[in-house]
Structure formats: C-alpha cells, structure tokens
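Trainee: The region 'Disordered' annotation in TrEMBL covers 359-379. The compositional bias 'Polar residues' annotation in TrEMBL covers 361-370. Per TrEMBL, the feature domain 'Recombination activating protein 2 PHD' maps to 414-491. Annotation source TrEMBL lists Zn(2+) 1 binding site at Cys419, Cys423, His455, Cys458. Annotation source TrEMBL lists Zn(2+) 2 binding site at Cys446, His452, Cys478, His481.
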Amino acid sequence: MSLQMVTVGNNIALIQPGFSLMNFDGQVFFFGQKGWPKRSCPTGVFHFDIKHNHLKLKPAVFSKDSCYLPPLRYPATCTFKGNLESEKHQYIIHGGKTPNNELSDKIYIMSVVCKNNKKVTFRCTEKDLVGDVPEGRYGHSIDVVYSRGKSVGVLFGGRSYIPSTQRTTEKWNSVADCLPHVFLVDFEFGCSTSYILPELQDGLSFHVSIARNDTIYILGGHSLANNIRPANLYRIRVDLPLGSPAVNCTVMPGGISVSSAILTQISNDEFVIIGGYQLENQKRMVCNIISFEDNKMEIREMETPDWTPDIKHSKIWFGSNMGNGTIFLGIPGDNKQVVSEAFYFYTLKCAEDDVNEDQKTFTNSQTSTEDPGDSTPFEDSEEFCFSAEANSFDGDDEFDTYNEDDEEDESETGYWITCCRTCYVDINTWVPFYSTELNKPAMIYCSHGDGHWVHAQCMDLAESTLIHLSEGSNKYYCNEHVEIARALQTPKRVLPLKKPPLKSLHKKGSGKIITPAKKSFLRRLFD
C-alpha cells in the first residue's frame, strides 16, 4: 500500500466529513458538499480530478430532464446494474443530511447520459416508493443483490431523529438508532417491504456492508443506544422466486469491532477495510483484508500503511472509496500554525495499478464516514458557508470550465425556483441571505398543503425571526398562505366596545336635548 499527500487547488472548503465519491468508468465524482450549491455549480456534483497528487474540483452538469439533487451528507450509496451481465451501471443514493439539518427519505438514481473528453453529463431521477417506506436516516447502508435473474435493493441500519412527539427545542437535533428492520426495495416498481429478523437486535449505524450475488455481509457498526461497537458479523441472504421474497439472517463468527471504516475492492474476491474507530475518538489503525472463496468468508489483518505522524495523532479522520482499490482520506489541519488548512488529504492505494478493471464486479458497500459530531447537533458557523466563486474553477486542456451560457434554460430543470408570485431572487447572484447561517435556512418551509420552499429573502423575514422558526417546532406559512392559515384558526372572541353616553343638557320647558357642542356655541353667542 502506498500513501500520498494530496494538495487541493481550489474549493478545499467543500470537502467536509460526510461526502461521497462515485466512480463511473474510472472517473471519480464528488458529491455532498456542506451547504447549498451556488450558481458556480448548480448541481453540487464535481469531477474529482487528481493528477500528480494535485486535486481539482470541476463542476459537473445534469441533463434538462433531471430532478434537483440536494447536497446530501452521510447518505447510503451503491452501484446498480439491471443484471450482472450489464456493462453500464448507475448509482443509488438514499437518505443523508441536507444543509437545513433535515434527513432525507428519498431515493435518487444517477446515471451518465453523455460522456466525451470535455464533459460528463448526468441524469438524476427521483424514485417514489410505496409500501413500507423507510424513514429519513443517515449512516446506513444500501446494497443490491441479484437472485434468479432479478435484483432488489437491501437497506439496513442508520440513525434518525427522535419522533416528532418527543422533540423539543432542546432536543430538536437528537438522534436515535433506527429499528433493526431490513427493507427490500424494488427499483423497477418502487415497492418497499420491511422485514424483522430475530438475529438483528440493534439498529447499527456506520457499519460496513458487502454485497455478493444474493448475499449481504454486515460487519461492525455502532449502537448509539448502548454506545458500543459490537464485533458482529451478519450474513443476510435474499431469495427472489416468483412469489414473495425470502430473507434469512445468519450470525457468523470472526467479526470486527469498528465503525465508520472505509471499504475498497482490490480484486474480484478481495476487499480491504481501512480506518474507522474502535472506541469513541480512538481510531482503528489496523487494516484488514476480506477474502471470499467458495462462498466462504475470511477476515485477516494485513500490513498497515506507513501512517504519517499527523494521521497517527489526529483524533478524527474521514474519507471515501474512490474505486480501483484507492481510498481518499482527510484529517483536521494543525490549528497551531499561523496559516492552516481546515483539513489535510491523502490518497491510499491498496491495489496495484495494473488491476484488470473488467474482472472486478461492482459489489456494493456503504460509503462509511464518521460524523465528528455524532453526539452533538449538526450545526456550526459554516453550515451554509460556500467559498467557491464562479471564476475559481480554472480549467485545463481536457475539461471546460463552467460556462453560465450553457444554462440559459436552467429554469426548466428545477435547480432554481420561483418561490412566490413576487419572488425577486436573481438566480445569477443568489447566495445565502445571511452570512453567519448557524441553524437558519436561506430557504424556509411553508407548511400549507403539501408544503413548499420559499426564500426567506422574499418573505422579508428578519434574522431574529429565522432563529425563532429554526429553534421551534411551530409551522410557518408564507405571505401567500398566511391568510389561509389564519382562517384555519379559531378566532378569539372580541367583546364589543362600550361607547360612553353623550352628556346632554335639557333646557327647561323646551323638551329638546342640547348637546355639549351646541351648549358651548350658545354660551359664546350670548356672552
């Protein structure tokens, strides 16, 4: 194994814990920036170009028929083929955290529709689910198994927010283990079915999953309820006959106590586990190789890389699998220096460069990363900070820089919205409205009907109002629907105003009423 330090040429602030890497035919793409995409890259997906240990992030584009893909962090991702013989593959993305500190329950499918030596164009589609729809979560896994010529997705584990009935202002961002249910997801028909297996007692998160044919192996993970990393190893086998699927689970010996490890494949039957944690804030420096032979699984320790002192002494590390037996690692920068980067990055090659890619199967595993704030709310002063500028994407001879003219009809793609009839947000200059963005969305959710997003800027919301709405659980209604919302409320009873009686003056013998004004006039007249 070889470890090399990587310098980042631009937009280093985008690479934060929780990102994902996707490998399409040897080209790696970055997904999961911290904050909403700006105009400089409306898709939020970047080509991850590393040459001579120097990294450049270059914006990727989506087709016009793509749906909007939020910048999700800590999602579950895996590759998917229609069948084992298919050459082209897609990426499945489920769950993850949005910049608004919400958990997604949606499934997105990403595929390449156009590729040349200049640019790669993606298509992103959202898959609606019916049946037992898994709740929004993060730190889980999704894999694809193949049985009897059919395929199905298998989703397990993760963390989610505590139920809404238990959420208070103080516990608004508190998370809990998801129930240890196994979900089978049919990507063709959009059906989801939940299974309860007695062998699975804990809803593990940040575990390692390996899919091979009709079987998934679940290794390690962290139980938030017990604060343990059990050395468990589960084998989940899925049979897909003409009728209902059959799912069974077997507890196997020889597991590993680790969470947030990164998995990469180095050959058709061999995988390498790097990184992770064995205790709270105690990294696991041991590396393991997993071998499969005749449906038998063997886990053994292997020679560790020559870790640098910075890596050894850092409390946290994170990363993702680049494919081709290579892992991208990040550690916090040294804040003792006058000028220090937020993170330092490395590439770790676990396989030789001459690995035959055609012989490798696209078996899937969770992109495992550890949230350094697992036990704390997902918020900090840079939650919505996005340092990339439109002119910061410098190109080279192989890739075009981002050209704004390429998106003249971008309004049809759904990347940028008109939130109301009076929306005045300029899509060419739009940035988060407030600069310190702690837990305050630049867009806010209107609860009318099925709900929709509106710009806080267009609603003329003060920053103090945004703070109040972000911390509480009250529903918000935009300017167009606030009157409707008021009509739904029972109006308070208002007592009628009591008018004071008019003082009157009766002139003797006349029987007429003289008002105070007339009385004053008569006095001035006779005086």
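FYI, residue positions are counted from 1 along the chain as it appears here.
Quick reminder: no glycine exception, Cβ is built from N, Cα and C everywhere.
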Trainee: Please report the distance from the Cα of Cys446 (Zn(2+) 2 binding site) to the Cα of His455 (Zn(2+) 1 binding site), rounded to the nearest angstrom.
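Mentor: So the Cα of His455 (Zn(2+) 1 binding site) lies 10 Å away from that of Cys446 (Zn(2+) 2 binding site).
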Trainee: Other than Cys446, His452, Cys478, His481, which residues of the chain come within 8 Å of the Zn(2+) 2 site, judged by Cβ distance to the Cβ centroid of those residues?
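Mentor: Neighbours found: Cys420, Tyr445, Ser447, His448, Gly451, Val454, Tyr476, Tyr477, Glu480.
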Trainee: If you count Cβ atoms within 10 Å of the Cβ of His452 (Zn(2+) 2 binding site), leaving out that atom itself, what do you get?
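Mentor: There are 16 such Cβ atoms around His452 (Zn(2+) 2 binding site).
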Trainee: Could you state the CA-to-CA distance between Cys458 (Zn(2+) 1 binding site) and His452 (Zn(2+) 2 binding site) to the nearest Å?
Mentor: 14
Trainee: Please identify, from the binding-site residues His455, His481, the residue with the sparsest Cβ neighbourhood, meaning fewest other Cβ atoms within 10 angstroms.
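Mentor: Counting other Cβ atoms within 10 Å of each of the binding-site residues His455, His481, the minimum falls on His481.
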Trainee: Using C-alpha atoms only, work out the spacing between Cys478 (Zn(2+) 2 binding site) and Cys423 (Zn(2+) 1 binding site) and round it to an integer in Å.
Mentor: 12
Trainee: Including all protein chains shown, what's the count of other C-beta atoms within 10 A of the C-beta of Cys419 (Zn(2+) 1 binding site)?
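Mentor: Cys419 (Zn(2+) 1 binding site): 21 neighbouring Cβ atoms within 10 Å.
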